[in-house]
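Chemist: TrEMBL feature annotations, pasted as is:
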- B:15-267: domain 'Glycoside hydrolase family 65 N-terminal' (DOMAIN)
- B:324-690: domain 'Glycoside hydrolase family 65 central catalytic' (DOMAIN)
- B:359, B:360, B:602, B:603: substrate binding site (BINDING)
- B:490: active site, proton donor (ACT_SITE)
- B:699-757: domain 'Glycoside hydrolase family 65 C-terminal' (DOMAIN)
């Protein structure tokens with residue numbers, strides 16, 4: 001736990017100590033990104049202490065050859081991972097010829113680091129005394145521009161405090177970087193050119209195998225106090241690095257400032273042979289505008305994001321900081337402008353999970369983007385999967401399925417499966433359900449049906465084909481069963497008849513058939529085209545109907561609950577509260593087999609079904625299942641607390657809902673899992689947003705209407721959030737015993753509060 | 001399949017073609033060993049074609065750091081593997097200055113290779129024409145001495161056939177070898193000294209981490225025709241290699257012979273600083289005796305082995321060749337002289353499975369060694385596990401067990417677990433049962449009870465503790481259950497209540513308690529010592545009794561069979577015969593999840609229980625279970641056919657028994673699994689022996705008596721085998737409609753044939 005390390009603040013993440021032990025954690029927490037690229041909060045200057053360097057470009061990945069102890073048939077050949085990209089933030093600094101390195105200084109005082117979420121920048125200020133006894137004040141400000149997605153800007157300021165000093169700035173760019181996460185120590189990048197043109201530097205490199213071309217570039221300006229100065233430059237080209245050195249005698253109390261503009265142009269967005277000229281364009285715009293103007297535009301851009309996505313909480317600064325941190329990171333990770341990109345579980349804050357796409361996107365992230373962005377952003381997330389349909393069909397073929405059945409990958413970058421644990425890769429097939437559910441959810445929320453005849457129907461058919469083939473008939477049970485799966489609770493592997501999987505399989509088939517009817521009636525051309533393309537036969541349809549109608553669900557008459565899987569009740573049913581606290585989290589203390597045979601649940605599993613399909617069940621059923629399963633739930637997945645928070649709120653258990661809320665919203669800030677140095681849990685942050693909007697706010701969509709059943713934790717005075725619903729922006733303000741709505745930009749709309757209709761008028 | 005490649009012969013393995021494609025397979029099949037060391041049948045001279053070099057020293061291993069895709073708590077840090085050891089067989093040869101290499105010759109004719117199993121040597125003869133058109137006749141004979149376990153001897157003879165020729169022999173020793181099987185491309189060996197002393201050469205090297213010191217040595221003699229000649233020598237020392245060159249002009253039709261004596265002395269058997277002097281002793285003995293005398297002693301030593309272990313089959317040369325190949329390989333792999341050694345699944349014929357010990361030893365190999373060697377050999381196999389008891393307790397502790405519960409490793413070299421697939425490492429716990437069963441089996445066969453009070457009881461208690469802790473009480477079933485296991489059929493993972501596992505667990509507890517009573521009554525001092533040492537409490541004993549008494553066994557009333565595991569009948573029960581033959585073997589065509597949810601059985605599982613505990617069940621029960629399970633069995637483990645052969649024979653299904661026999665006995669010779677180039681299936685070879693002795697011969701031990709119920713396949717005229725039973729050697733000869741016994745070295749004994757007592761008199 002990191003509790004009390006981060007200073008509570010409504011709008012900023014702040015640390016006020018320099019502790020070498022905390023550097024790696026803070027590098028994660030203070031990460032910055034602009035949707036197109038991102039960086040861990042590494043220091044610009046040299047740092048010889050423990051650090052985890054990380055810069056990432058969205059969509060630039062490498063297929064790292066799979067390495068396993070024991071190969072199983074069907075394993076993918078490669079794990080596609082977003083690569084650590086060339087470093088453009090670096091500035092070597094010398095003070096009177098001594099390399100400036102915080103790890104080597106005699107003293108570091110007044111250290112303060114701020115990630116200003118409101119305005120989208122990262123700043124460090126401190127005073128340090130070097131070994132040569134020169135004392136300097138430093139202020140280093142950095143951001144990745146939202147307006148110019150290929151550009152980052154740094155303002156680094158040094159003021160000698162106790163004597164004059166010669167200060168040398170050597171900004172550099174460096175493609176000699178490595179991934180910490182590599183299977184075979186492959187070389188991932190090849191550098192083809194290092195070029196310095198006057199005061200601009202460029203490195204052309206490309207990823208091996210995938211051949212993404214990247215030009216890394218930089219140019220700097222200098223000021224003494226507030227005066228721009230022109231300095232003579234010494235340039236140095238190395239094999240993988242370009243450096244430009246600027247040196248100046250600076251008087252005591254004078255401030256010597258460098259503005260470094262740097263970034264990447266890539267073949268994702270430019271012709272391969274135009275990367276350098278594109279880079280020159282970016283630099284020339286940056287220099288023209290200058291640092292201050294760029295910063296000011298950054299603030300405006302973030303203001304625009306917050307205008308729609310902010311959630312305020314009055315009376316609980318930690319809760320407020322938590323939710324803003326979550327919203328900020330989500331916006332840094334994915335802007336939704338580019339349907340080729342997606343949301344990696346660690347975003348741009350680390351290498352774990354390879355920056356790839358998981359079912360997290362559909363199950364947890366989609367609602368956030370639907371409600372806080374325009375409709376196209378959510379649609380782009382759906383299109384991403386539509387574009388991967390062919391690969392998902394190939395993936396299923398590798399596992400023995402046929403006739404266009406699709407199994408979406410557990411982890412992917414380009415549509416191909418990247419994961420290689422059989423119990424997950426081959427068995428955690430419920431992910432197919434989330435992909436179909438996202439289509440349903442998008443239509444339910446936006447009312448935009450067009451996606452289904454245009455693209456979604458093909459996905460739904462391919463998924464339904466998969467379930468029909470994957471289920472098998474048990475003559476013993478006289479029902480269809482789904483054997484050998486891993487449900488959302490990954491603390492069970494290779495189980496039979498996981499309730500959630502069977503339920504979502506049944507639902508997928510029914511939902512597909514329902515839409516097939518709609519298409520046949522209302523979109524006949526699309527219907528014909530799709531039937532032809534997918535070769536869906538009436539025999540298949542009738543088989544699907546049988547599977548859905550005769551699906552088996554394990555059920556306990558004694559407890560009146562659906563069982564997570566066959567045999568669940570054979571376990572030793574000791575509740576989590578009765579476990580030795582020294583054995584928690586169990587995934588750090590128990591061997592895998594012990595976890596597997598225990599009843600402990602990593603994240604909502606049966607309850608995930610109750611979350612997705614809440615209106616299929618009564619409140620009493622939800623309560624019974626919540627009371628049965630939550631006491632066995634260890635919440636060792638970052639995705640667990642949010643669903644439970646929502647369900648606790650809906651069951652009016654506000655204390656419990658609040659507890660889960662804090663756990664999800666401050667998971668990284670307080671480092672609950674002692675692993676934040678590896679990166680932040682980006683996808684679960686969308687779950688935090690849901691905990692407020694769907695949990696406390698009780699927002700639901702029914703028949704195209706917004707419903708709320710607002711509640712408020714007693715710790716809070718009030719909270720408010722906005723949702724963009726079918727083009728109308730509604731602000732919901734909940735105080736103790738009072739709910740307000742404010743409508744923005746549309747004449748009126750109906751919402752339901754605790755089932756009662758209210759007409760909300762435009763504020764105008 | 002390799003069928004018809006190996007020439008049928010009663011006593012030899014023969015190939016009569018030189019085909020580069022077959023070289024690697026033949027390197028496996030023609031492997032030689034002497035229990036202490038072994039070699040793949042690599043060529044002595046240079047060979048530039050595809051080859052898999054392999055020399056191994058029993059007990060010399062390296063802990064190769066574990067490499068997995070996804071780490072699970074409890075995984076071992078290291079995988080101990082027997083290493084490829086320095087090469088001592090190599091002889092560079094030049095004919096008129098052209099390097100002699102079969103892959104580069106213009107022609108290779110009259111090629112014949114023989115592994116003479118009767119006499120224990122390997123020989124190649126051929127005529128080849130080099131690029132320089134010199135034609136030479138070659139005869140290369142090699143063996144590893146049974147008498148001098150540190151010594152190998154080579155006789156290499158070249159006769160120029162079409163002209164005089166300058167022939168240069170450069171015998172060498174080389175420690176610059178690598179393992180093909182390595183996790184991190186670690187360097188496994190370090191060489192500390194390369195020394196040449198006149199005509200003797202020595203390389204001192206040691207394994208890294210484990211620090212086994214090995215001195216590899218050589219010395220050669222030369223003959224022209226039959227005359228010993230003294231030649232001048234040119235020596236060369238390289239970093240990892242020592243070479244001695246001898247050159248001579250040889251007349252057409254003269255034969256130029258080298259006798260190379262070489263081998264290893266190791267710190268397993270010598271003081272570290274005496275390895276070279278020990279090597280000199282070996283060499284001096286070898287040179288004194290000379291090649292012919294050494295070979296003659298080799299023949300005697302093998303004759304002695306065959307005297308006890310031969311099985312003859314009349315009327316079926318392929319079956320005869322098969323069984324002798326199995327017996328020969330078992331004797332090459334393990335002589336039983338050294339309790340630190342054991343039997344790796346591939347013996348000295350390849351690197352796969354790391355030369356480590358599996359449950360194969362106890363479940364499959366022990367009966368062979370009990371019946372064909374003196375009692376101490378089998379006892380050494382038990383002592384091996386007794387010495388590992390402490391490590392087995394540590395292994396269990398790592399998985400959360402306590403109070404001295406032991407889980408023997410799945411794979412081991414030094415007692416530590418080496419395996420790292422969770423579904424096997426953590427879940428294939430039935431191996432503990434085989435270790436206890438071996439103690440029972442040893443006592444049943446030898447009548448020697450002393451091992452139990454001396455050592456075995458501690459093992460039995462630690463194993464019983466494990467089962468007591470590993471079983472859990474299901475309030476739902478009101479029985480003890482064992483959840484989350486993998487049975488012998490590794491095509492099922494993480495199943496609940498595997499019948500075999502539950503049955504063997506129950507038996508282990510009961511057998512331990514039974515022996516505890518015997519010790520209390522008859523060996524009270526041992527009893528006290530052991531109770532104190534194992535801290536076995538009366539509470540534990542009473543818990544154990546409960547677990548054994550209330551163990552759950554899944555059973556189908558409909559089929560009247562025990563079910564392999566919970567839920568087995570929910571599968572799609574399509575019989576193996578109805579599978580598409582193009583999808584076989586399924587482990588090469590199906591993804592792992594598909595295999596897991598299928599009903600297909602890799603090797604005897606429920607039936608393994610019926611094999612171990614045959615007399616717990618009626619013949620009708622065996623028949624019912626055999627008829628239920630065998631049709632779902634794909635026999636994709638080398639350990640599968642033998643058990644089924646035995647059971648088919650015992651059910652009087654001789655055609656089926658014969659079919660399984662051929663499959664087990666010629667598995668490698670006919671390369672059923674298309675993988676013999678990786679090495680031979682050594683441990684399953686003991687199963688082949690059982691197929692004859694226990695299967696066709698129907699040998700059983702009951703109440704200290706030998707029982708037979710002999711049967712004979714219609715393809716055979718007769719077969720005979722010997723068993724060493726409690727100091728008496730009994731020869732059993734079975735002809736069509738006739739059984740003969742011959743007793744050797746004891747006045748008389750009783751045996752039972754089909755239940756009827758016969759008194760067998762000594763032949764004397």
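Glycine residues also receive a Cβ, built from the backbone N, Cα and C atoms like all the rest.
TrEMBL annotations: computationally assigned, not manually curated.
Let's see these features in context: how buried, what's close, how far.
Modeler: Taken together, the residues in the domain 'Glycoside hydrolase family 65 central catalytic' (B:324-690) have a mean pLDDT of 96 on the 0 to 100 scale.
For residue B:360 (substrate binding site), applying a Cβ distance below 8 Å and a minimum sequence separation of six or more within one chain yields B:343, B:345, B:639, B:683, B:684, B:686.
Under a cutoff of 8 A between CB atoms, and with a sequence separation of 6+ in the same chain, the neighbours of residue B:490 (active site, proton donor) are B:423, B:424, B:428, B:602, B:603, B:637.
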Chemist: Three-state secondary structure of residue B:359 (substrate binding site) from DSSP?
Modeler: coil
Chemist: Return the count of C-beta atoms lying within 10 angstroms of the C-beta of residue B:359 (substrate binding site), excluding that atom itself.
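Modeler: For residue B:359 (substrate binding site), the 10 Å Cβ neighbour count is 23.
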Chemist: Within a 10 Å radius of its Cβ, which of these binding-site residues (B:602, B:603) has the fewest neighbouring Cβ atoms?
Modeler: B:602
Chemist: DSSP helix, strand and coil counts for the domain 'Glycoside hydrolase family 65 C-terminal' (B:699-757)?
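Modeler: Helix (H, G, I), strand (E, B), coil: 0 helix, 38 strand, 21 coil.
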